[in-house]
Every structure is written in C-alpha cells, then in structure tokens.
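Trainee: Below is one structure. I have some questions about it.
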Amino acid sequence: MMAYIVRRVLYAIPILIGVNVLTFLLFFVVNSPDDMARMHLGMKRVTPEAIQTWKQERGYDRPLLYNDAAEGVGRLTDTIFFQKSLKLFQFDFGSSDSGRDIGYDISQRMWPSLAIAIPVLLVGLLVNITYALLIAFFRATYIDFWSVVLLVAMMSISGLFYIIGGQYLVSKLLHLVPISGYDTGWAAAKFLVLPVVIGVVGGVGAGTRWYRTLFLEEIDKDYVRTARAKGLSEPRVLFRHVLRNALIPILTGVVVVLPLLFMGSLITESFFGIPGLGSYTIDAINSQDFAIVRAMVFLGSVLYILGLLLTDISYTLVDPRVRLS
Amino acid sequence: MSGELVVLWTDALIFLLLVVAVGFGVYAAGRPHLRGPWGAVVRSRVGMGTLVVLAFYVAVGLLDSIHFQPGDGNGGPAGAEVVSLFDTLVGGLRARQEKSYSAPLATRLYTKENIELPDGRTVRDYPRLRYGGAHLQDPESERLPDLLRLSAVGIVKGLVVSLVVANVLIMLLAGRNRSDYGSQARQLLRGRTGIPWRVALGMTTLMLVLVFWSAELAAKYHLLGTDKVGEDVFYQALKSIRTGLVIGTLTTLVMLPAAILLGIMAGYFRGWVDDLIQYTYTTLNSIPGVLLIAAAILMLQIYMSNHADEFNSLVERADLRLLFLCIILGVTSWTGLCRLLRGEALKLREVDYVQAATALGVGHMTIITRHILPNVLHIVLISVVLDFSGLVLAEAVLSYVNIGVDPTMNSWGNMINSARLEMAREPIVWWSLAAAMIFMFVLVLAANLLSDVVQDAFNPRLRNRR
C-alpha cells in the first residue's frame, strides 16, 4: 500500500512540472511582461521608464530563463522562471500585482469557500441519494417517468437562473435572508443558507439522474434477485444490497472533488458577495491580476491531482476486488 | 440585397461542419450498422420531436452565418458594417431602436420623461415608443384588440403553412409507399407509421405557428420589450442562437482531430507513445477548466489590445474571440474523449481481425483507418451530442465572468449578464433575463433529450434506464 502511494505521488511530480511550464509559457512567453505592463498602465502615452518601474516593483525585470548578468548559480536562479514559476512548488505564491501577499489571502479566503462548499456537498448527497432511491423504489411507474422528466428539465436550466431567481424570490420578495454579504462566526449562517440551498437545488437534476442510473444498474444483478428470492422486503433489498454496492462509484465520485472544494464556486460566491477563493479568482480575472490567476491555476492543479490520488486510494479501501498494480 | 460577401472564420467552420455532417449522413446511409442506430433515433417520438425543434434553431443559426457588407444600393462601395442574411430577413427588428427600456408589447417607455406638449407645456409622463405600437391612435383602448387581431392573423398563417407542409408530406409518403392519399393520411393521423410522422408534424405545426405569430407581432411591437439602449430583446435572443450553436458544435469539431488521432495512437501503439499522450492529457486535465480559459482569454485580450489594427471590424474581432473561445474550450474538454478512445483502441487492437491484418502485413495506417476508426466512430458521435448542452450552458457562465464571448456579441450569457444589473431596479426589468433563459432552456432541453435518445440507440444495454 505504502509503495503504491509513494509511486502515485512520484508520478504527480512530472505532471505538476508540466502544469508549471504551461502556465509559464502562457503568462510570460505568449505575452511579454512589457505587454502586461502596458495593459495595466493604460495603452496611451506609456513611457519606457514607467514600464521599467512597473516591472521592477513586481520583479518582472529579470530575463526569462537565463541571466547573463548574474554570477554562478544566479544565472539560473535570478530569472523569471525560477523566481515566479518554480517557487510555486514551495507554495510560495509571492505577492499579487497590486502588492498583497497571495499566500495570506488564500489562507484567509479558504474558510468562507469551505463554509459553502461542504454543506452543499453533504446536503446535496443526502437529497440526491434519497430521491434516487425513491425513484428506484417506484421504478417503471408514473413517478419514475415524471421524475426523470423533471430532472432533465432541471438539468437544462442554467445555474445562473437558479441563483438570480432564488435571490429575487427569497431575498427581494420574501425578505427572508439578506441578498448578499458575509459575516464572521455563526453570524454568517444567515448569509450562507440561500447559497447552500441554491447550490443543492442546482445540482439535483444531474446528480439524482446519475445516481438513479447507478441504482437501476445494480437492481438487475443476480445477487439482488437472490436477495428478493430469499424473501427480503423491497426496502431491505434497496438499503442493504443496492445502496451499499452503488455507494462505491458514488464515493469515488465524491472523493475526487473533495480537494477542489477549497477553490470555492466562482459564480455563487461572486453573486452572493462571499469573500472566498472563488470570488478572489473572479476579482483577479476582472482586474487582470496575473500573479493571482497563476497562483490559482497551480493550486487548482495540485488539488485536482490530490483528488485523483485520494480516489485511487479510496477505491482500494472500499472495493476489495481492486488490486494495487 | 447587393453587397460583398464576408466569410468570417466561424462561418467557414460552420459550413465545413455542415458539409462533414451531410457527408457522414450519405456515408452512413449506405451502411446498415451505422444506419440502424440513427434509424432508432428517428423512430423514437422524443428523438423526432427534438430534432424538429433543433432544426428550427439550426435554420436560424445558418441564416445568421452568411455575412456580407451591404452596398449603398446603387452599386457603390460596401460600408464597414457587416450584416448577416438573417439580419436582412428581420431587418425591421434591428433598425427599430427605442430610447431605453420598454416592457414586452408595450406602447410606452418604461421610464418617465419630460414630454413637451404641442402647446409648449412640459409634463412628466411615459412617452410613446417610436416604433412599438406606433400605428395606434389611442394605444390604451386599441392595443388589446390590435394584439388579438395580429395574433389571430399570425396563428392562421402558421396553420395554413403547416397544412401545406402536412399535405406535401402525405403525398410524398403516399408516393413512396404506393398507397393512396386518403389511407396514408389516416395512417399518419392515427400514429401508425414506422417513423413517428405525427409527432414531427405536430412539432412543426407548433413551431410554425410560433414563428408566424411572433413575426406578426414583432413587426408592429417589441415582442419581448427593449433593453437599456432600446434594442429589441427578441432580436437579441434570436441572434444569440448562432453564438450558442457555434460554441456547442465548433468546440467539439475543433477538438475532434486531436482527440481522435491521439486517442487511437495511444491505444494502438502503446509503449512510449501511450505514456507521452497520457502525460499530455493528464497535465492539461489537471488544470481547472475555468482557470485555464480565464488565463487564455486574458492573454488574448492583451494580444488584441496590443494589435488592435489587425482587425478590420468589430464583428471580425468578436468572431475571432469566439473562435478562440471554442478552441480553448476544446483544449479543456478533449481529454475525456481521448481517454475513451484510447481504452477502445486498446481493446480493438487485440481483436482477431486486427491481429489477422497485422499478420498479413497490413500497414499501421491502413489498420487504423480501415479497422479501428470505423469502430470508434459511434463513441465520437455520442460525445459530440453529449457535450453540446453542457457547452451552451458553459457559455452563459463564462460570459458572466467576462471570459466568454466578446461583450459586443449577442449571446445569452451577455444578455443574462446585463440583465443581472437590471434586476436591482424598481420595478424590475425581467424580460431580457426571461427571454435569454427561455431560448436557452428550449435549446438545452432539446439537446439533452436528444442525447438520451442517441445514447439509448447506440448503447442498447442501457435502454429503459435513463
């Protein structure tokens, strides 16, 4: 087991290097730091000196890959690639283009993101599994048919509509919770209720439909028929046999997204004014802060790879048929 | 309608896609194993109904993809403005711009303004619209009867046209089945035809009635109101169809060559080729899609603002951004298909007929094109259909984050994005949002239903499951 995990972790290293080189190419080679400076300072009447100061303040005035002017190891380390890209590996994100410490911002904004993402995940799982089990119980009846129609219709509605509609109905017409904002501690709850509910409702369509397929796939198998032949009641068959076996794909599907919960949801957070990592990313995109976007790209990739690793491990834990090879 | 034809990049690709689709249709028609599943799609009632709805959307999209620069009418030089064939067909909608917001089918503006009366006094009231209901003398009393009259005319026109369509269809069917008109008509109306023509006719009638009804009303009123700068919302929603279709189809088209080539190569050759390709797609896949798109679009923005003089017109610039968005969306979404194809190719290379071909000394290229490619085509097709609805929805979200299509381009995402600010107004301006949502919902719902039918047809094991 340990050897397997170590091998998987080692395999992640070349992928992270690939991501790193890719972001480096995207952010520094496609457009030079000069272009970025000109973009930030405004296109008209930019003096070369202004560009130089802008680059110097942010440490973009070094050569890209090889520094002729430096001595010894400095020839390789005193470059943009080393200072800006490789340092991401130490989770040293540096400072944003507006001068704030990105690492500190991320550690602060992580919590509001989790405060939404974790309830959405848990409540969503509960609702989807319950509904899917219900449909499986009433399979091939009108309840099944109309539920699928409802689920497909719900899948076809844009997530934006759930948010805008929910905000309008709950906050503006009924005045139940504030439209947007955030607070510290338990006071945040009233701001979190609506985004969580909307997150769950928005996910019911696709989620329940997927679980329904999983359940129905199990329900035709031989061991289920045997269980029925033994005289087990239908609810008992569903909970003891179908649900338990269908949980394997459900569990692995959940594990893969666990690390990515840290990244938060771009749309929800910006609509509800929640200071999480999602709105952090959106703000960075809108203010064209490349340092933050670069850091988030790297962080997101690390978390994704971590998710894959966790999935593989959890697979081997819950499903004894899977051998480590 | 004189002028110079302008072929934008996405136009060219759309028509290329059309040619490919028609070519594949002709290819598949001669091969029973390919014709079978598609026959099952057409024979299903849901499949037929959604195909009709999609056909109307595609028709609007295609008409909107023939662009030209109109001349001044006297053979003079073409202007800088680029319009599409669709624009000329609904010319009125585009030209009739009001001052600001107006509600659907309204005759007055949504906001009060100072109006100067003929006798010199000024009052504060809702001014009449320049175009919406301008033919009415007294809008308060005449509007409702006029709307009803126009609706009746539109619905009757739609019914007449669908009756003609129905007759033509029955005559064609009667001719093909060598039966007489009467018995063919009875068969069709009772729903006893192999292909559910009754559903097709019903949907066509519904859509035609809607088209003629809205055309009749939109000619005199603003069917879905006007937005902040007074542009007709109905026109915007119609124009957005092309954007949605382009994002949904071209993205897949752009990524297909890479996904097919690399996926099959990885599975077929294995060894270091496989390792390299797997490494490439795992790396690309591990970057969160939204962030990769954001980074790429940011870079494109810089490039475009630094090379502003390379673009002839705003339309061209917006079009290039749309194409780029398709490419970058393709880069983030080809990995799933690539992985599927790799798995399939791994299985296929061990199949007896491929082993036999290898033993006989057939070259790799021939084996791939003759034995492997035809056997993975159905996976490609299913993924094209499956991806479509997700991409249309993604466009809206991306445009909201400002990393979607150009802000000057008509798209549902841009409509929602601007409507979001209007929701805060009192009383609220809901029609832009509603229009975008309804148009998008119908398209995505049709695509979702169709993809279910297609999946069932190609994957009989899962039939009755979804």
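Here the Cβ of each residue, glycine as well, is placed from N, Cα and C on the backbone.
Please treat TrEMBL annotations as automatic predictions, because they have not gone through curation.
Taken from TrEMBL, the feature domain 'ABC transmembrane type-1' covers B:241-451. The feature transmembrane segment is assigned by TrEMBL to B:6-30, B:42-63, B:150-174, B:195-215, B:245-269, B:281-302, B:322-341, B:379-401, B:428-450.
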Trainee: Quick one: do the transmembrane segment (B:245-269) and the transmembrane segment (B:150-174) reach 3+ CB pairs under 8 Å, ignoring pairs fewer than 6 apart in sequence?
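Mentor: They do not touch: fewer than three Cβ pairs between the two stretches lie under 8 Å.
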Trainee: What stretch, picked from B:42-63, B:150-174, B:322-341, B:379-401, has the most CB pairs under 8 A with the transmembrane segment (B:195-215)?
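Mentor: If we count Cβ pairs closer than 8 Å to the transmembrane segment (B:195-215), B:150-174 scores highest.
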Trainee: Below 8 angstroms Cβ to Cβ, which residues of this chain, lying six or more residues outside the transmembrane segment (B:6-30), approach it?
Mentor: 38, 61-62, 65-69, 82, 245-246, 249-250, 253-254, 315-316, 319-320, 322-323, 326
Trainee: Check the transmembrane segment (B:42-63) against the transmembrane segment (B:379-401) for contact, please; criterion is three or more CB pairs under 8 Å, pairs 6 or more apart in sequence.
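Mentor: Counting Cβ pairs under 8 Å (6 or more apart in sequence), the transmembrane segment (B:42-63) does not reach the transmembrane segment (B:379-401), since there are fewer than 3.
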